[in-house]
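Colleague: Could you have a look at this structure, given as structure tokens, before my questions?
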Amino acid sequence: LVRTLKQPFTIIVFFLQTLTRHRPRPRSQQSQWSRSFPPETPSAPASPEEQAFFEKPSPPPPQPPTQAGPEAAGDVTDRGAAEPVQPAYRERGSERYARPPLGGWRREHEDVILRHGENRPSIGRSRILSNTLDQVLDNSDRRLYGMGWVGRMFGRSFRKSVTHDVEIKEQLDDMEDHRPMFTYWVTTVQVLVLFISIICYGFGPFGVDLQARSGQVLVTSLSLQQVDYMEPANFWFGPRAGDLIHLGAKFAPCMRVDNKIKKEIDEIQNKERETACCIRNDDSGCVQSSQADCSKTISTWKKWTMGDAGPGGRISGSVCGLDPKFCDAPASVHPYEWPDDITKWPICRKTNTQFSVQKNGARDKLAAEHMVCEVIGHPCCIGIHGQCKITTKEYCDFVRGTFHEEASLCSQVSCLNDVCGMLPFYFPDIPDQFYRLWTSLFLHAGVLQLLISVLIQHFLMRDLEKLTGSLRIGIIYIGSGVAGNLASAIFVPYRADVGPAGSQFGLLACLIVEVLNAWPMLKHPNQALCKLLSITLVLFLVGLLPWVDNYAHLFGFVFGFLLSYALLPFISFGKYDRHKKVFLIWVCLAAAWILFICLVLLFYIIPVYDCKICSFFNCLPLTREFCASQNINFKREEPIV
């Protein structure tokens, strides 16, 4: 019974001592199988202490039971009563995981089992515990500084003089190992977001040119009309541009007040101020339109004038299905009277048309003709620029617009809010979705783009995170992506872009910074740098294709370089080199902040709305429709009502 009770306690003691009570050795005795260089590097022979580790311990000679002297008494006081076997026990646990045998981090003698008489755990439990600790303390996949996955792929190697430098080895051994948890988290979120996006919005047209769509649609003239429009295709095999904006893509008009779009909205309101209700003579319906769009043959354009004023002497109107006289909520009463400007009228939530007609007789019925007719058209928000049009629900659905059946005028709806989606604007006419700079990092335009991101993050980002840690790689990844998206929103504001393109170029800059920091350690650093720069140049050329954000590439690379130089662990080759690198760290941090502030000021204070030259760096027009707008383009207009 006593032996059974001692076994769990012995296992716990073995586990704690193995993890916490490592016996430190001088660094000069550490072999080349340490964390600095790969096992292939030549090393010094193992010390006698290490060789004696796997030998079977000989039993100590019996000691006479004589009384110990002062020195022996002091030794017994240090070690404790049951200490004779504990040093070997602790040394075995420490050496077992501190120094691996030749060829990697695995044990050379699998059959070595701890033997401590009656207090040792059983063979099965010892082996299970041993395998568990092997998995916890396994360091076989350690990320070597200056090497990594890219270095191994390009055949990079170290200089022999550096591999034997004690100071450099000490710095390399002091670097911590990290698990790539941020990489796993980001990749998982990106995969889930695209999966949910495709379920909710489906796939858009696939290709590189504009895709035409046509069909017979019922329009406000109560006739079938051939409607033709063009929309850009998505060669990433994913949702449409408008759907990506709904999901949180980078799109400048949703992030700030765009004077160009605001001017278009004001022009629509000015035209709408001169409209009135066009009533069909056969009582088949009515629609809000201008006098030019209302046929004098089959319709009557009911416009209030000074001689035939509306309720309260209003001359702005009439509006089909809307009148302050026949609205109970919100009621037009002092001090909340509806102004003599239909573009400022609210949406009526409750009308009393039938009651007023029955009460006041035929005269009021004639006066309320615009209220009793069947309204054919309502506001429809079309495209990604917030274009509003009074049309039928069938037409609006065909062009994939947002139909507002509750409204009567375009001035009563916020089409830009419909285009942007996500959280509504705090003020209806002031876009404020600045958070799109980082939400777009988790979105992808399609399955192919997601596949590229997963491969880059699995091989590059995961490899770098083992060296830098989750916090540092997270700052580099998010900072490069946000800065790249901000620059893209400045120079190409009317393109909806998604994906961590800027972040990925930030990772590429991180690899270049690592080569610069490890320059004296590498055999051929010039070749390593040229290979990385060549890859960067090729990727910039790929950025000239549509649906690829080259401005995010450029500024993501710049910010990635600055942040990587400031946050990436470095090796110093002397005091002067260390002081120089510390000084450059502060310079890079200050430069990154100053450049980001300049981009913010340029985005809000000095905005760029239409830069023809800037668009050539983002997409090279190889054909006429190669770099077409993401907005839909109509081939013909609706006929007169």
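Cβ atoms are placed via backbone N, Cα and C, with glycine included.
Because the structure is a prediction, the values reported are computed rather than measured.
Okay, so TrEMBL annotates it like this:
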type	residues	note
COMPBIAS	27-51	compositional bias 'Low complexity'
COMPBIAS	57-67	compositional bias 'Pro residues'
DOMAIN	432-569	domain 'Peptidase S54 rhomboid'
REGION	22-79	region 'Disordered'
TRANSMEM	182-204	transmembrane segment
TRANSMEM	437-461	transmembrane segment
TRANSMEM	473-492	transmembrane segment
TRANSMEM	504-522	transmembrane segment
TRANSMEM	529-548	transmembrane segment
TRANSMEM	554-571	transmembrane segment
TRANSMEM	583-606	transmembrane segment
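Are these features on the surface or tucked inside, and what touches them?
Modeller: Counting residue by residue with DSSP, the domain 'Peptidase S54 rhomboid' (432-569) contains 107 helix, 2 strand, 29 coil.
Remote same-chain residues near the transmembrane segment (182-204) are listed as 231, 233-234, 237-241, 243, 246-247, 442-444, 446-447, 450, 453-454, 457-458, 461-462, 465, 470, 473-474, 477, 500 (criterion: CB distance under 8 Å, separation of at least six residues from the stretch ends).
Beyond its flanks by at least six residues, the transmembrane segment (437-461) meets 149-150, 180, 183, 186-187, 189-191, 193-194, 197, 203, 234-239, 244, 247-250, 255, 422, 473, 477-478, 481-482, 485-486, 489, 497-500, 503-504, 507-508, 511, 547 of its own chain at Cβ-Cβ distances under 8 Å.
Nonlocal intrachain contacts for the transmembrane segment (554-571), taken as residues 6+ away from its ends with a CB within less than 8 angstroms of a stretch CB, comprise 145-146, 168, 171-172, 175, 467-468, 472, 475-476, 479-481, 483-484, 486-488, 501-510, 512-514, 516-518, 521, 536, 540, 581, 584-586, 588-589, 591-592, 595-596, 599.
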